[in-house]
Amino acid sequence: MKALSKLKAQPGIWMTDVPVPELGHNDVMIKIRKTAICGTDVHIYNWDEWSQKTIPVPMVVGHEYIGEIVAIGQEVKGFNIGDRVSGEGHITCGHCRNCRGGRTHLCRNTIGVGVNRPGCFAEYLVIPAFNAFKIPDNIPDELAAIFDPFGNAVHTALSFDLVGEDVLVSGAGPIGIMAAAICKHVGARHVVITDVNEYRLDLAKKMGVTRAVNVSKENLTDVMKELGMTEGFDVGLEMSGAPPAFRTMLSTMNHGGRIALLGIPPSDMAIDWGQVIFKGLFIKGIYGREMFETWYKMAALIQSGLDLSPIITHQFPIDEFQKGFDIMRSGQSGKVILDWQ
């Protein structure tokens, strides 16, 4: 079958031909319709330090997709041939304390589709049936293909009560923008997003944020005054992994504020811990999606009117995958979809 693989330990990604994956007793085989390029895939393409330590070569990559079940393992129940599905990209062990305690997303033995095992940038993908999620008929393929990153946004944004709260989102990548849109949709008062990328900030405006702030040109405290804010942000969503952004967030949070961290900062990031202690801030780390509560919330949010369509800015047939990666690497895009049909 046709697949996009990391064939060499150097920058790039290559179209290749690989065997169709084998189906296990508890697996489903999915014929891929559409995939989306993740920031992780860009890291793998660029072959940065994280990728060099993490990604086996050669391997099919990719983990954002929508497809149709074409084969079912003999032990599988609850799925049928023809079901339209996406899937949770974190394969968990099922036997550790967190898995057995219902906290599956915290499995210490997690394996990532397209990161530690073959991914979805291929004509067919095999995953455990446990990880498959049926997509409601009224959700189009394009949106279903980005459920994985949308789930990161939902998990992060819905970590805390948002109704009537003022929210700061640092980092206007696709996940940050979707998180900001979720906050507005569920009833936050002011949702302010910060970045230095004008293209992404304009995209955030299309998604309904209160203010999109280019911190290289505007002062965040001036924006807060403009909005009539006197006590700081109630909720912070750190999506950038940029130390200056997190330090600014800490300084502009209200006392008792709550912060969810999805962005991955450098391991030696220095912050003013006095801000955390004397403001009584609560900081929560976010990894992946809660299985499977986040997935049901994703579907329900879209069915209740959350419009994510502006975040999908480019679509290419799979044979033009290089254009997709080039536009993603430029930073001048939202989500990029690759069509396998």
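Heads up, the Cβ atoms here are built off N, Cα and C, so glycines get one too.
Record note: Swiss-Prot gives Asp195, Arg200, Leu262, Gly263, Ile264, Ile286, Tyr287 as NAD(+)-binding, and the candidate from Ile175, Ile182, Ile277, Ile302 in that site is Ile175. For Leu262 (NAD(+) binding site), applying a Cβ distance below 8 Å and a minimum sequence separation of six or more within one chain yields Asn152, His155, Thr156, Ile175, Ala179, Leu237, Glu238, Met239, Ile286. His63 (Zn(2+) 1 binding site) falls outside any helix or strand according to DSSP and counts as coil. When Cα-Cα distances from Tyr287 (NAD(+) binding site) are compared across the recorded positions Thr40, His43, Cys93, the shortest belongs to Thr40.
Restricting the recorded positions Cys38, His43, His63, Glu64, Arg200, Gly263 to those with a CA within 10 Å of the CA of Cys93 (Zn(2+) 2 binding site) leaves an empty set.
Here the CA atom of Thr40 (active site, charge relay system) lies 12 Å from the CA atom of Ile264 (NAD(+) binding site). Around Asp195 (NAD(+) binding site), the same-chain residues six or more apart in sequence whose CB sits under 8 Å from its CB are Ser170, Gly171, Ala172, Gly173, Gly176, Leu201, Ala204, Ala212, Val213, Asn214, Val215, Ser240, listed in sequence order. Checked against His63 (Zn(2+) 1 binding site) by C-alpha proximity, the recorded positions Thr40, His43, Cys96, Cys107 yield Thr40 as the nearest.
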